[in-house]
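Chemist: Just dropping this structure here.
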Amino acid sequence: MRILSWNVNGIQNPFNYFPWNKKNSYKEIFQELQADVICVQELKMQKDSFPQQYAVVEGFDSYFTFPKIRKGYSGVGFYVKKDVAIPVKAEEGITGILPVRGQKYSYSEAPEHEKIGFFPKDIDRKTANWIDSEGRCILLDFQMFILIGVYCPVNSGENRLEYRRAFYKALRERIERLIKEGNRKIILVGDVNILCNPIDTADQKDIIRESLIPSIMESRQWIRDLLLPSRLGLLLDIGRIQHPTRKGMFTCWNTRLNTRPTNYGTRIDYTLATPDLLPWVQDADIMAEVMGSDHCPVYLDLKEEYEGKKLSNFLSHSKEPPLLSTAHHSAYRPSKNIHSMFQHFNSMKKNKNNSPTQSENVSASASSGSSPTVSRANSVIDVDAYPPEKRRRKEQSKLLSFFAKQKEEKEETNKTEDVSIEVLDNNNESDIGLTVKKKVENGNAWKQIFSERAPPLCEGHKEPCKYLTVRKPGINYGRKFWICARPVGELIKNSNAVSEEDTQPFQCRFFIWDSDWRANSKD
């Protein structure tokens, strides 16, 4: 059984990449990845506009949570292969505050057979709503274990520090209560958005920043405390246990700086599990070769059999999926086939043809002695309301009047040109020469204004630079700048040594603000 996690950076995004742009559905992607249970993060869509082709995948049950306020943001989903397992329970959110789909009560108020339970304690309703308003967590109960899929908030400095603290605290407490009070096995997958150790990043300045920025130190300490063998640890980092010393095991890269070709990334996507599931683990790894996002998939494989016991016997195979499943969502229920759709269309067309037209209604009212009254608000009449013959005559009259107007304008223009020529004939040749010269100079000036400048060349390779914009909040937000266009990686020792043979494929140190470059180019 393969449990796979992938931050897709937009549910439609993978289909922009090869080979997925040759595929028609997520079913084909899942088959290619050999995945049975898939957790996707960063859906970046709203519940009301989520396309059916992504909500319903043949052979899979699906479960989604979406942000409640902010649009085109966050979102987590699960796809579960029906012939592998069907969970007995499913919840969205961590705190239990969200309503059960189709019911008038929340998960915390639901009957025992519907809720997974063991919610965080001592959280007021306002904070609970705040934590679960962004569509960041889903829990599925497979009897043998509870599978948690998360998209944790990114560390963006002090801006959302309080939200991150509340989210991390609630998530840890939920996991801890499920393990210690519920005696449950746990698997947690997803984009945790925190690197754990120096081996998990190519940029060692990340480790230096940790000692300088308290919010970074705090978030990394959270995941270190969550993981065993920490004294406070609850879960094992299965991916790292399988590959304890492997370097370059990164799952996320900066696409704007094109760092993936040089594998200059970080490891922030995880497959975590309680120690009692370790005997069932067959493998855990990343799929760095799989394109489709700024993240790559990570997976955890469970053995089909252990000590003569079959995995399938321990997994749930419910007759009906939980209420969170899209199978219970009326918008995605296959109630009509295409034949019935065309029948409905033909009946509508027949009714329209049998109904009197607007012109017939007007004629009838006129013959009865009453004149029709049309308000200004309703003065725009549908073209289809005219009979075909009348509509053709009306369109022809419009076209004739249009061309007649064009002809008049053309004649008027010709008259103006004749006058201009007569005036020029009265001027001497020197005046004409000066006029033409001035026009040419003006034209060249406008060309210089509107023509694109060639980008500056980087000092390390003498190659055209890349143009970027500062997106990080601060005093430089929105400023434009130029940097070396090569992928980020090991920096060349002497960025000005252009005479040396260029054996270094990585980005040099060149940087210039666009405003400075434009000012210098004028000198």
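Cβ coordinates come from backbone N, Cα and C, glycine included.
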Chemist: Which range is it, out of 98-157, 158-217, 278-337, 458-517, that shows up in Swiss-Prot as zinc finger?
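Modeler: That would be 458-517, per the zinc finger entry in Swiss-Prot.
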Chemist: Ranked by the number of other Cβ atoms within 10 Å of their own Cβ, which of the recorded positions Asp191, Asp269, Asp294 ranks first?
Modeler: Asp191
Chemist: Filter the recorded positions Asp294, His295, Cys458, His461, Cys484, Cys508 down to those whose C-alpha lies within 10 angstroms of the C-alpha of Asn193 (Mg(2+) 2 binding site); answer none if the list is empty.
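Modeler: Candidates kept after distance check: none.
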Chemist: By CA-CA distance, flag whichever of Glu42, Tyr151, Asp191, Asp294, His295 among the recorded positions is nearest to Cys484 (Zn(2+) binding site).
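Modeler: Comparing Cα positions, the candidate nearest Cys484 (Zn(2+) binding site) turns out to be Asp294.
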Chemist: Applying a 10 Å Cβ distance cut-off over all chains shown, what neighbour count does Glu42 (Mg(2+) 1 binding site) have?
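Modeler: Around the Cβ of Glu42 (Mg(2+) 1 binding site), 23 other Cβ atoms lie within 10 Å.
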Chemist: Cα within 10 Å of Asp191 (Mg(2+) 2 binding site) is the criterion; apply it to the binding-site residues Asp294, Cys458, His461, Cys508 and give the hits in sequence order.
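Modeler: Checking each Cα against Asp191 (Mg(2+) 2 binding site), there are no hits.
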Chemist: Provide, as an integer number of angstrom, the distance between the C-alpha atoms of Cys508 (Zn(2+) binding site) and Asp294 (Mg(2+) 1 binding site).
Modeler: 23
Chemist: Select the closest residue to Glu42 (Mg(2+) 1 binding site) from the following recorded positions, measuring between CA atoms: Tyr151, Asp269, Cys458, His461.
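Modeler: Nearest listed residue in space: Tyr151.
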